[in-house]
Amino acid sequence: HVDHGKTTLTAAITTVLAKKYGGSARAFDQIDNAPEEKARGITINTSHVEYDTSLRHYAHVDCPGHADYIKNMITGAAQMDGAILVVAATDGPMPQTREHILLGRQVGVPYIVVFLNKCDMVDDEELLELVEMEVRDLLTQYDFPGDKTPIIRGSALKALEGDCIWESKIIDLANILDTYIPEPKRSIDQPFLLPIEDVFSISGRGTVVTGRVERGIIKVGEEVEIVGIKPTSKTICTGVEMFRKLLDEGRAGENVGVLLRGTKRDDIERGQVLSKPGTITPHIKFESEVYVLSKEEGGRHTPFFKGYRPQFYFRTTDVTGYVELPEGIEMVMPGDNVKMVVTLIHPIAMSDGLRFAIREGGRTV
């Protein structure tokens, strides 16, 4: 919530941890005057800081404004591994607190740790316990484990001022992050997936698809599935090439050509994916959380209504889709965020948390 102390906490974490583990402290005003980012045309004020504990290196995002938070959570390219929910002990949970938790659930934030801030200003132990209970209830309402969620009582401002009692609470918070939020699975360890960008046939060799390996590893001789747009089919990878060199495998992050056995050039198209069999499925209908660009951000100048039929851009391709809005919502204004159900005209390989863009006549909506 605005003024509950997110930015002060961010400054306190960098300052206290820099003192203990090395690294650079960031002052409040350096974080608060976050530069505007123009990520994919969306204007978001965000501040990126990094800090170290004895076990890990963290990348941490702080947004000054509520609207910035929403935009960042919905459109942020990187999936968050966890979040720190800051609640002022003096106010307790506010309407925006609920919205942040709900959004965390919808965009797939897997773990939340709570920092109960401004505890130096509350003398009443019972009041602190009441606020904790309220926060736990809210988390439980949105399917987070409210009873098990760690809650650290602290004072970001006092910690920033160097008061050692409150500094120790920041160290506690860091230890909780280290232990409560599990090590994320690196993309190389996840099942193989390659969004197809191009397809061509090489006479005498067969069909080659090219693209950047999104995750996992593909080895020569392995079976793969071709998923999306058309019925799912299976084939064997008979070769991997990079920069015209033949390789034994292609790894996450590499741009490769994959040679496929007995597959015709016309059987495959851009927009499909190559994947480890059984790991991703094609879907026509999905629920989504969408941020609609404002006019100033280059978005629409007018609202849209249910039945709107724009293009949905997934990975490498546009697909036309039909929009249904939640009950009681007649129209969506530029600058709004909304939950919508979309039905595509043909299936696309998707999994929970997949990002996409909505476009109309070549411009992003």
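Note that Cβ sites are derived from N, Cα and C of the backbone, with glycine treated the same way.
Record features (Swiss-Prot):
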type: BINDING; residues: 1-7, 62-66, 117-120; note: GTP binding site
type: DOMAIN; residues: 1-185; note: domain 'tr-type G'
type: BINDING; residues: Thr7; note: Mg(2+) binding site
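DSSP classifies Asp3 (GTP binding site) as coil under the three-state reduction.
Around Thr7 (GTP binding site), taking its Cβ as the centre, 22 other Cβ atoms fall within 10 Å, counting all chains. Around Asp3 (GTP binding site), the same-chain residues at least 6 positions away in sequence with a Cβ under 8 Å from its Cβ are Ala88. Of all Cβ atoms in the protein chains displayed, 21 besides its own lie within 10 Å of the Cβ of Cys119 (GTP binding site). When Cβ atoms from all protein chains are considered, those within 10 Å of Gly5 (GTP binding site) total 23, not counting its own.
DSSP gives Asn117 (GTP binding site) a strand state.
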